[in-house]
Structures are given as structure tokens and as C-alpha cells.
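What TrEMBL records for this protein:
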type	residues	note
ACT_SITE	249	active site, proton acceptor
ACT_SITE	271	active site, proton donor
DOMAIN	150-206	domain 'Sirohaem synthase dimerisation'
DOMAIN	221-428	domain 'Tetrapyrrole methylase'
Ligand code: SAH
């Protein structure tokens, strides 16, 4: 594409045409459809142009073009049907700062004018980059035949009805409503009873649609996994494909958000550890609000939604509002983190149970059964454990844990910027603070990176030294 199609704002701006013959007339027929201020500079102007000037539809300067004539113009057409004169006026217009088109001279033109199907405010521009004007005209004719002449009128009336139609659930229902209007109901109304029949027809259609859709939306509570988009489940992917609204956590990676349906409304309900950017109750209310409008909501949570995800509060809110929901599981941070250090969460003869624990809860540092956790061989995956590290370290040592117990912190597990910090309980702090991790990190108590893995990751670990 050597020419990029855009719709340029011309309301109240100047468009200047140099030339008064056929070429100028052809352009003027198009330009006069706009709300721009049109000026024609021509020593000799065709009668039609003079008539338009007399009617006040354009301003005619009845002489050859001079410097300043195209001052403040957004667009300029050189349409003198004379190469030398066109080149001269194009230079002048350039100097005046206008974008220049020289009729029938693609090479020296800064823009070209497409073939236009005008159903204002619906305007279709067809371009072939000068390669096949005949083809452009044929496509234009086809489209003109296909699009009812009333389309522009319908679009204008439709626009005034947009707010009223917003009572319809977002998504399929609303799209189907408008499709039915433009394809069937609108053209029929205009044809049988004229413009005045359109709004009543819209009102009837809206009533029918509302009656047919008295149902609420649906919420998928979806696990987005630890960050790597390939660790998303197929079910999660499908849910994102059809979502009308995606309400996501701060931790959900950008690559994953980009997989959502293009038209989906994306809402960041991001929360930071401790203090919340958005209170849980507000998030609950937001999810319910969109679902009640009929939207298919995807509530996208990092990792697995059932692990430290405050899922039950959201489900309670949905149940209270009578909204249907389902849980789509995801890969939790502990699974991704343990994979990255080549270890198992459980191991015969070492630990027959593993704990998922949080470093802090809504009340502050979380308390745990430290005595049990201090026993040799225990394995725990500590979520949200960065700030609580010193507290956890102190409690465990106080309860008799071996200071040499391996502790591994994995930051940004499964992401490109993953970092692994291998240490011991005795060294956990200040090692962790000194490392200055900024991403989400999972701490394993009782696990060290497997030797082979540790070797390949020494670089990572040394970054913290
Ligand atoms: N539901 C999520 C956990 C939410 S709590 C899950 O199943 O993973 C948020 C905590 O998860 C973070 O503080 C961090 O401890 C952990 N976490 C989430 N994503 C992570 C990642 N990619 N790498 C390491 N830890 C992560």
C-alpha cells in the first residue's frame, strides 16, 4: 500500500482548486459534497463553476493563480489540464503549505482522490493507487447498486437512536439488532412509509429484541497462567476469543491480553500487594454490572483463579445477582516456578505433602503452623512472600528449622525476564532485599534448583551477587 486511506477533517477548512475546465469540474462535484470552504482560482471558469460561485457555494478568483492563494488550505488540486501551469501552481500551493494533487499526475501528487460511494454519513472510498481506475468505477457501481439509497438516512437516524439501543446487552444481541435495522427493518420502513416511519420501526424492533433477550450474561473466571502465553489453556483461549468484556489483574501479561477478541472492552482491575488499586468489592460490582447488561465477561486472573485469587468473593457476588459462571483453571505460579528449577513439588521419601501458603493476607503477615513447616524435608510454595520474607525466616528459625534449609525465589516464572535466586533459610534475608526483585516472585521453602538447572542459571543468580 503506497497510499494510506484516511478520512480528513475538512469542515470549515479551505480546499483550493486551480483550473476552470472539465478536470476542475470533476473534482468540484466531489468536493462540493463536503462542508469545506471551496475556492476556485481560474482566469476562465466553466459556466457551472460561475453558477456555483453566484450561488455562494464556492469562491471564484477569476485570474491565474498567485502566491498566497492556497494559504491555509488543507488540500489543493492543480486541474488546469496543462502540465506546465499545473507544475507552476503546485509549487505555489506547496509554498502555501497545502497538500497537493495534480490531476492525472500520480507521481507528483501528495494524495489521490478515491472513487467515492456517498451515503453520507456512510462514505466508502475505493482506491487502486492509480492502477485500475476502471476497476474502481466498477466496484463503485456494484456497491451503489447494493447499498440502499436510504442508507445514509438510516445511518443518521440510527445515530440518534444509539443511546436508546444501549439498554440492549452489549455484544451479539446489540450487533444483531443493528444488523436487522440496516438490512431489513430500516429500508422497509423508508420504502413503505418514508422517513417518519423509521423511529417507530426502531422502537418496535427494540421492544421485540428486549422481549427476546430477557437473559443475563455470563462470567468465565479464567486462569491466565503464570505469564507465558503458551501456558494458557485452550479453554482460556476460547473464552478470550468470545469475550465482550475482559476484567483482568495487573499480573496478567500483555501478550495474553492481546489474545482477547479485538472488540472486547479491556478493564484493568489491577491490584498491588497490600493496599489495593481497586477494592475487591468494587471489582465484584464491576463484574456483576457487565454481566447483568448481558455481556460475556471473562474475569482473567493470574495463575490459577482458585489459588489466592479471592475467587469466592466474586462467585458470591455473581450468585447473589443470579449470574451464571464457571471456573476455567490455569497453571499456578508454583507449577511454573518449580518447573523452571527442574524440581518436583512432591517427592517420594522427601515430602508427601506440599503447602501453598501466602506471605501475607488482608490482615498483614500471615500466620502458619511454623512448627510443622520447620521440619526437615517440608516443601512450601510461598505466594506474595517478598515482603514477609524476614518474618517467615524469623518464625521458622525460632521453631527450630535448619538454617541451611534450601530456599529458592523465582521471579517472573515462565516469562522472558524470569530470574532465580537460590539461597538458604539463614541467608534469605538480606539476600532477597539486596536482589531488589520488582516482578511477582514465588518462594520455595525446602527446594533448591536441581544441579543441572542451577548450572545453567548461575548467571541469573550472580546478577544478585
Ligand atoms: N492465582 C495466582 C496467584 C495470585 S497471588 C496463581 O495461581 O499463581 C499473586 C502471587 O502469585 C504473586 O505475589 C507471586 O507470589 C505469585 N506469582 C504470580 N505469577 C507469578 C510468576 N509469573 N512468577 C512468580 N510468582 C508469581
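For all residues, glycine too, the Cβ spot is worked out from N, Cα and C.
Keep in mind that TrEMBL annotations are predicted by a computer and have not been checked by a curator.
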Within the domain 'Sirohaem synthase dimerisation' (150-206), count helix residues (DSSP H, G, I), strand residues (E, B) and coil residues, in that order.
49 helix, 0 strand, 8 coil
Run through the Cβ atoms and count how many others sit within 10 Å of the one on the residue listed as 'active site, proton acceptor'.
18
Would you mind pulling the DSSP three-state label for residue 249 (active site, proton acceptor)?
coil
